[in-house]
Amino acid sequence: MKKKEVVTTFFIFIAWCVFLCVSGFIEVQKISENKMSGWLLPALLMVLLFYGSQKAPAGGYTKAAFSLKKSKAFQGFLAVCVIMHHMYIVLLSELDYKGALIMFKNSGVIIVGFFFFASGYGLITSLYQKDNYLKGFIKKRIFTVLVPFFICNYVYLTTMLLMGRKYAMSDLLCVFFGVKLLNSQMWFAVEIMFLYILFYVIFRFIRREKVAYMIMGVCVVAVMGGSLLLGHDLTTGEIVSWFRGEWWYNTTFVFFIGMLAARFKEKLLPWIKKRYYLCLSMLLVLSSFFGIISKRLLEEKGYWIEDIFYKGYTEKIETLAFQLPMVVFSVAVILLFMMKITFYNKALDFFGRFSLEVILINNVFIVSLLKLAVINEILYIIAVFAATILAAMTIYKIKLWVLDKNDYLSRWR
């Protein structure tokens, strides 16, 4: 009977994927004999994810399912998916693309949702487990994002200038100092640093735990609300301002949920384990339901019904009201599967080490190698992937050197 539980877990997982595909939430390109990437991409991704994976003992659960090591490994898988998602977005915009990468069309919000959850969860876990965690927090959390942010920012700016792009001097200065973004996909680094600073200030100076959590929650909602009210930046073109666009707020609250999950995990996990399959089934249904509705809302209303005179707040709030729960429930489904299956191998561990750098640098090669996509789709995907990984590794090494150098100098002051 216990062995059947593990089989049931795999069955429900496949059923969930199939249901989302049928519902249209996950777009799947029809595979033809001439579209090898149509079946090759998902096959390779499944090998990457499941190779070396371990099932929990019959009737049991994986040990330390949400540990930093395992979480980072899964983030390595998601980083690879981010490359595919960003490739699709650029190809659709530039070439009206309808190829195999369309399967990653709607994956971005769930991926970002997991990153936000892991960040919030990691903060609180470290706060309670490590002595004097807030001491040196700026270096441990902020600088580890800030250093690769500026490196990738300058690499992208240089690449665009070499490609012949022209910008006003005022815009160049804003981009140089990171006040505005030339590469809009780097928004995550800005927002996660902003949330880290909020966390540091609140939990550093407010001693009452409940009050600190309440203020943090209010601040996160305020950030979301402010970003929603700002709307899109319709006047700046390629260069975008901070917090202007739905991607700045449609998954942010998952960060706070991650914090709460870490705070109450000692009570929450035993409760879930007693009702595991009931919880999993309900979450599958809820994620699918909200996924279907949010997809329709994105097509019929969405976040982009706005102009200079009409901001479309009603449509934005209505879409967010269904998309955010979809992200929350989908991330919860992933977490429950991680309780039964350990997704870990050397490749995932490798990619997980520099997942942030992958997110920040991939657009450089997606844009600069775009002409290759016209010649051969598979060759383009391979080239972008290889260049991104090599660059991300290099930036990661530079980051470690800079942080280590800074630590060395601080000891001699």
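Along the chain as shown, the residues are counted starting at 1.
Using the three backbone atoms N, Cα and C, a Cβ is placed for every residue, glycine included.
Note that TrEMBL annotation is computational and uncurated.
According to TrEMBL:
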DOMAIN    74-396  domain 'Acyltransferase 3'
TRANSMEM  7-26  transmembrane segment
TRANSMEM  38-53  transmembrane segment
TRANSMEM  73-91  transmembrane segment
TRANSMEM  103-124  transmembrane segment
TRANSMEM  145-164  transmembrane segment
TRANSMEM  184-206  transmembrane segment
TRANSMEM  213-232  transmembrane segment
TRANSMEM  247-264  transmembrane segment
TRANSMEM  276-294  transmembrane segment
TRANSMEM  320-338  transmembrane segment
TRANSMEM  350-372  transmembrane segment
TRANSMEM  378-396  transmembrane segment
Counting only residues 6 or more past its boundaries, what in the same chain has a CB within less than 8 Å of a CB in the transmembrane segment (320-338)?
9, 13, 16, 62, 65-66, 70, 74, 109-110, 113-114, 117, 228, 246, 249-251, 253-254, 257, 272, 276, 279-280, 283-284, 286-287, 290-291, 293-294, 297-298, 303
Intrachain neighbours beyond the transmembrane segment (378-396), with Cβ under 8 angstroms and 6 or more residues off its ends:
36-37, 40-41, 80, 83-84, 87, 101, 148, 151-152, 155, 351, 353-354, 357-358, 360-362, 364-366, 369, 372
Average the pLDDT scores across the domain 'Acyltransferase 3' (74-396) and report the rounded value.
91
Count the Cβ pairs between the transmembrane segment (103-124) and the transmembrane segment (145-164) that lie under 8 angstroms and are 6 or more residues apart in sequence, then report whether there are at least 3.
no
What residues in the same chain, six or more past the boundaries of the transmembrane segment (145-164), come closer than 8 Å to it by Cβ-Cβ distance?
172, 175-176, 178, 181-183, 186, 189-190, 192-193, 196, 356-357, 360-361, 363-364, 367-368, 391, 395-396, 398-399, 402-403
